[in-house]
Structure formats: C-alpha cells, structure tokens
Amino acid sequence: MSDSETEETKISTEPVENAWAMKIPSFKPEDNPHGMVEESSFATLFPKYRERYLKEVWPLVEQCVAEHHLKAELDLVEGSMVVKTSRKTWDPYIIIKARDMIKLMARSVPFEQAKRVLQDDIGCDIIKIGNLVHKKEKFVKRRQRLIGPNGATLKSIELLTDCYVLVQGNTVAALGPYKGLQQVRDIVVETMNNVHPIYNIKALMIKRELMKDPRLANEDWSRFLPKFKNKNISKRKQPKVKKAKKEYTPFPPAQPESKVGKQLASGEYFLNKEQKQAKRQQERSAKQADAAKRQDERRNKDFVPPTEEASSSRKRSSAENASSKVDVKALKAKLLKANKKKV
C-alpha cells in the first residue's frame, strides 16, 4: 500500500464534525472498468395531460441520459417512459437516478429541474400526503396552507431548504440536497397534521442565523427556538346526564335476586299450574277494575257542577246589615264617660 493510500485511510477514519458538509466522493469510469453484467430497466406511467410536454422535451431527455450511457424510450400508446442501461454504462447507481428523473417528470416537474437529480449530491423525495388527512375539506385547506398566498409559503420553503418543491394532487415532489429534503418532509408532514408551516419556517430561519455563530456550535439551540402552544384544544363532550359516582367498596356488589328466588319469597313457587293461573287472573281483574274506576272518575268530572259565587246584590245587603247593627254596650259606656266629664 502506497503512502497516499494510507493517508486517505487515515483521513477517512477521523471523527467528522459536520457530516452534511462532507463532499461525496465521485465515482469514475476507472472504478468500474468492466461495466455492468446485465441490462437493467425501469418504466413509469404518466398522465394524458403530460403527453404533449414530454413529446416536446424527449430529445433533450435522450441527450441528457446518453451522457451517462443510458437509453430512454417514450411510448405514447401505453403512456409510459422507460430508461435502460447499455453495455457502456459504468455507474451502477445512475439507473436509479434516471428512474427518479422520469418519476419526477411524470409528476409535472419540468425537465430543467428533474435532470438535476442525476448529480451525486442531489436527491429527490416524493411525499404522499393523501392518506394523512381523512376529510377532503381539511385536506384541501391544509394543502393550500403549504402553498400559501400567491405561492409565498412554498417559495420561502424553497429558499430555506435549497430544494425545488412542487405540490400536486395527493403528493409533494421535492428535489435538492439531502439535508434540505429532510427539512421539506418534516414541514410537509407537520402541515398536514395541522401545524402551520410558518412555525417551522421561523425555526429554520433562526437555525440558519445560529449556524453563523461558531461559539454556539456545541450548544443546545432549543432555548433560541420559538415554542408554540396549541390553543385549539378539543374538549371532550360532556354527557347530558352525569351519573353520580358510587362510593368505593372493596367487596363485590350483591348478587341480584333471581326469578326463582322472588317466587320462593312470595310463595308462588309452591303453587301448582291452576293456582298460578288463578292468581294471575285475579291480579289482572284487579288491575282492570282499578283502571275502570279511574276511567269513570275522569268521565264524571265533566258532569260535576261548578261552585256558584254569591251575587253582588246579596253581598251588598249583607254589608248594609252589618253596618246597621249598633253595639249598645259601647254606646252606653261612651255616654257615661261624657256625663262624668260634664260633672
């Protein structure tokens, strides 16, 4: 082993401070001089409305993949795109990158952006958001939050993550560096889980400023990040009739009395069939008699005459008679008192 090779191994085994800042080592034709053993191919379908655009840009697609010794085919009858390796292909992973490129193009990503995925330090992520929200109205509202007014929110996400983001249908297609793809996925998933994207955008902006200060490299940044509390806490619906809680007892509840037990207590258990039937008939007739009595009382209420009040003339005469009566004793006492005063 030469000195240069030993130096490279030493460098690779040293601890890394920031793994995201590391440059991905390039894969060269010298690393795989024998090429591929077998041909590999990937195909993807595209919607009808993309047919016209793909037909226009397909010569550029063929030219782009030919640089990496790949072949591209467009089938307008079946509505599919195919990428294949050739005998000259030396990069084993380039076919995966080409597959991602045609997937992005099928999802309305323009060719100028999709071809960037063929670079080593660029990746793509297709985030499925259709099954994250059950109600369609909520889904449309939260997806619109991700785009923002005039696409302002989406543009700010792109600037902070250095990724190209396209929201369409039930998916979000992201294209950019791997660190940015992680951030985009977090923002998208949290937005669909009813966390407004502005909170995550604000946190990313603060982190970007903190990264500029080398003194804070080994410190916890959570004290600088904003903490948002959910104000819309859904309260549990209270029942209309609340049952009073019974006092706790360590003993099990008493066993309910069975039908046989009730019959034994009343003595009905020892009666024969005819006696039981006679008792039931007696109870039934007693109930019928009681019901008939109540019915008669209710019917006879209409025939009871109302109580007549005394007429006004009678009242007046009785009042006059009461006033005409003179208390003789009181009058005598009054006269005697007056005579004494005179004397």
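Quick reminder: no glycine exception, Cβ is built from N, Cα and C everywhere.
Summarising the annotation, Swiss-Prot assigns domain 'KH' to 125-193 and lists sequence analysis as the type of evidence. Averaged over the domain 'KH' (125-193), the predicted model has a pLDDT of 93.
For 232-245 (among others), the entry in Swiss-Prot reads compositional bias 'Basic residues'.
What Swiss-Prot lists as region 'Disordered' is 232-343.
The coiled coil annotation in Swiss-Prot covers 270-302.
Under the heading compositional bias 'Basic and acidic residues', Swiss-Prot lists 271-302. Applying DSSP to the compositional bias 'Basic and acidic residues' (271-302) sorts its residues as follows: 30 helix, 0 strand, 2 coil.
Per Swiss-Prot, the feature compositional bias 'Basic residues' maps to 331-343 (among others).
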Three-state composition of the domain 'KH' (125-193), taking helix and strand from DSSP:
40 helix, 15 strand, 14 coil
